[in-house]
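See below for the structure under consideration.
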Amino acid sequence: MALRFEVLGRFNRARAARLTLPHFVCQTPLFMPVGTQGTIKGLTTEQLEDIGAQIILGNTYHLALRPTSELLDELGGLHKFMNWPRALLTDSGGFQMVSLLHLADITEEGVTFQSPVDGKPMLLTPEESIQIQNRIGADIIMALDDVVKTTTTGPRVEEAMYRTIRWIDRCIEAHKRPTEQNLFGIVQGGLDPVLRDICVKGLVNRNLPGYAIGGLAGGESKDSFWRVVAQCTAALPEEKPRYVMGVGYPLDIVVCSALGADMYDCVYPTRTARFGTALVPEGVLKLKHKAMAEDTRPVDPTCDCMVCKNYTRAYIHCLVTKDAMGSQLLSYHNLYYMMKLSRNLHSSIIEGRFPEFVCNFLQQMFPKGDVPEWVCDAMEVAGIDISSCCTPFSSSQD
């Protein structure tokens, strides 16, 4: 095991921890920006350090295609290749097979898919996924799992869950750098509590360095989403990090942190920036709107980032979707917002003021008190009293 996880503070289920990895000492809860091909579009690694990014996520599938894992290994690993001194996490490549490519088949051997280069069938096995990730050299590597869409029902969900457990043993066997890289297992089981419970127990029995909750943020209802997170965080070990995959909406991160999760990743903050949308305490600010054309205020008057200190909404309005600088500035701001949110979650738990932080966050986002019902239900399970920022009988589901 190549990590140390120390819980520094708690409020009911929420926890703030120190996660020591080979390349960086991180504070949780934390959000990980997604750098698909070894880069966060439009930002330098120096800017990412300035923003406070602790772990960057890389996509195994994309990196294996270009520049190839063999070249990365030859050049000293992805850290050296992209000039990033802090921690890295790589996914297994399985999700890309499902989301980006026409799948030929998923069998016990692995995932067969069409090559994007020449259209020929290619096979990704658990062993090959781990070998590629060993060459890339990230601090945290993910097991290959059998991925099904969140909304899938029936026997396919059960099949995928049991296969995910069988594949974890093949991943463990193939993992040749356990003292330098941490292999996380991924809890699957769709929206079925029984299947989720079986998968959690199966993975915990393998005593892995950390655990991810997979198969969410794919179209399921928010009520289903938080209940799966609550179930898994309650069953996973206290002394290991818990990573909810694909979660990037600030509200979701606050809710999941209240339920005891520690790590998150998503393309949302940077992807929405490229469409001209900024993350602000009230929710989002759409810089493409005509109302922004003469607005001389900063994107977020309460934000200390380089963008908000130096540029107006009107300036960014002129740039968004027309000039690369627009998406770069908004990507910087949005990731700064996410890093600040992570720091505030950590410090509020440590300092014993987590409920106040949650209420303040919700009051800014829902000034009329129309906090979604699913948030109210999740916070009740988390033991956080948010009655002061909710109107009675709120029924919004978004």
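Heads up, the Cβ atoms here are built off N, Cα and C, so glycines get one too.
Just so it is clear, the model here is predicted, and its values are computed rather than measured.
Per TrEMBL, the features are as follows:
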- 13-365: domain 'tRNA-guanine(15) transglycosylase-like' (DOMAIN)
- Asp91: active site, proton acceptor (ACT_SITE)
- Asp91, Ser92, Gly93, Gly94, Phe95, Asp145, Gln188, Gly215: substrate binding site (BINDING)
- 246-252: region 'RNA binding' (REGION)
- Asp265: active site, nucleophile (ACT_SITE)
- 270-274: region 'RNA binding' (REGION)
- Cys303, Cys305, Cys308, His333: Zn(2+) binding site (BINDING)
| note | Between the C-alpha atoms of His333 (Zn(2+) binding site) and Gln188 (substrate binding site), the distance in angstrom, to the nearest integer, is 33
| query | When neighbour density is defined as the number of other C-beta atoms within 10 angstroms of a residue's C-beta, which of the binding-site residues Gly93, Gly94, Gly215 has the lowest density? | reply | Gly93
| remark: Rounded Cα distance in angstrom between Cys303 (Zn(2+) binding site) and Asp265 (active site, nucleophile) is 22
| request: Take the C-alpha atoms of Gly93 (substrate binding site) and Cys308 (Zn(2+) binding site) and report the distance between them in angstrom, rounded. | output: 36
| field | Local Cβ density at the residue listed as 'active site, proton acceptor' - other Cβ atoms counted within 10 Å | value | 31
| query | Between Cys308 (Zn(2+) binding site) and the residue listed as 'active site, nucleophile', how far is it from one CA atom to the other, in Å? | reply | 24
| Near Cys308 (Zn(2+) binding site), how many other Cβ atoms are within 10 Å of its Cβ? | 23
| Rounded Cα separation (Å) that holds between Gly215 (substrate binding site) and Asp265 (active site, nucleophile) | 13
| remark: By Cα geometry, the one of the recorded positions (Asp91, Asp265, Cys305) nearest Gln188 (substrate binding site) is Asp91
| said: Sequence gap of 6 or more, Cβ distance under 8 Å: name the residues on the same chain that satisfy this around Asp145 (substrate binding site), in order along the sequence. | reply: Ser92, Gly94, Ala160, Thr164, Trp167, Ile186, Gln188, Gly214
